[in-house]
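**Q** Below are the features I grabbed from Swiss-Prot:
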- 1-19: signal peptide (SIGNAL)
- 92-399: domain 'Peptidase A1' (DOMAIN)
- D108: active site (ACT_SITE)
- D289: active site (ACT_SITE)
- C325-C360: disulfide bond (DISULFID)
- N331: N-linked glycosylation site (CARBOHYD)
Amino acid sequence: MPSFTYLTAALALTSSVVASPVEKRDAFEVKQVAHGLHRKNGPAQIAKTLRKYGKAVPAHIQAAADNNAVVQADANTGSDPAVPSDQYDSSYLSPVTVGTSTVHLDFDTGSADLWVFSDLQAKSSLSGHDYYKTDASKRKSGYTWKISYGDGSGASGQVYTDKVTVGQVTATAQAVEAATSVSAQFSQDVDTDGLLGLAMSSINTVKPQQQTTWFDTVKSQLAKPLFAVTLKYHAAGTYDFGYIDSAKYTGAITYVNADASQGFWGFTASGYSVGTGATVSSSISGILDTGTTLMYVPAATAKAYYAKVSGAKLDSTQGGYVFPCSATLPNFSITVAGVKQTVPGKYINYAPITDGSSTCFGGMQPDTDIGQSIFGDIFLKSKYIVHDMSNGTPRLGFAQQAGVSS
């Protein structure tokens, strides 16, 4: 599912970040729930990622996204309701109680804002959404937030201090960013009521003073100041807060210090391999982002991968690499701290480009227009990833997910 924020909004560090008290708890699991069904549109995912990271969307990618949307809309008018099951993608979100309201949020390790649809918006923009019911007495006077993308889309609003409950833990005075205005791109995405950012608080967009993420607010009250992500292939995943669940991974967890200099959970891989081929020595610096659907790697890496896929090509009319849906895709691995982290080939087949098409869109694409590699859900769905702040310095743990062959 999509997510929305590293923005072109000013993200400079302020002198301090406000923390809030919590009710003490221990450790718990948050299960995602299926919340809506939508058609996959590869070029639209690329466009969304570019906007999220403040980059311009090239005309050919936007045209491909728009064209695929039109083709799919036309298909909806036909009499045959049957479409390939892999053309659909469930939205897996997490229920969160904000104040007295239960909303379904996208947990996003690529942003640091907790923002929600609210009753401050025009009613027309709330259609299909659950939303936060504000209490004027809890408003942080003079505080605002704004998400701004290069194409003019975005969202903005006021800031409240309220209870936010995730699983068993309640932050009793969490900064909640209540939307007053959202662009059509957001309001039309009825699957998601907002997001809960899990990146570093240093890129929170609240002004005049940045606020802590929900995790930073509660981490001192957890059994351990960490969370682990288990996204699933064609299934709901989980987020574990305060503990590591050994039943969810195989082998050992490989730890590396995270590069948080830009506010993200960053790391550097020392190489990659395709299928059973030899490891190619190549430094790949990227971030882990649960709010990004696809996986973006250096252009040379993507080219090397698709060179091993019969019939694959970089198609400008589709905005990325495509291949025959019948093709067998090789596994893809990156090397982190000397250990291979492997994505099964079938995970890299994102979807047919349109209903009934025999051409499929790749789940791995070049990072050329983004400027950094992003390891999104295509990568994460085969992994158990630990985000650890135990020593005050962020580190990442990588392990193969239980039940996923490497």
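Any Cβ shown, glycine's included, is placed from N, Cα and C.
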**Q** Please work out which residue of C325, C360 has the most C-beta neighbours within 10 angstroms of its C-beta, and give that one of the disulfide-bonded residues.
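**A** The residue with the densest Cβ neighbourhood is C360.
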**Q** Starting from the Cα of D108 (active site), work out which of the recorded positions (D289, C325, N331, C360) are within 10 Å.
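**A** D289, listed in sequence order.
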**Q** On the three-state reduction of DSSP, what should I expect for D108 (active site)?
**A** strand
**Q** Suppose you look only at the domain 'Peptidase A1' (92-399); what would the mean pLDDT be?
**A** 95
**Q** Counting across all protein chains shown, how many other Cβ atoms sit within 10 Å of the Cβ of N331 (N-linked glycosylation site)?
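**A** A count of 21.
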**Q** Can you tell which of the recorded positions C325, N331, C360 lies nearest to D289 (active site) in space, using Cα positions?
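**A** Closest by Cα distance to D289 (active site) among the recorded positions C325, N331, C360: N331.
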**Q** Please report the DSSP secondary structure of C360 (disulfide bond), reduced to three states.
**A** strand
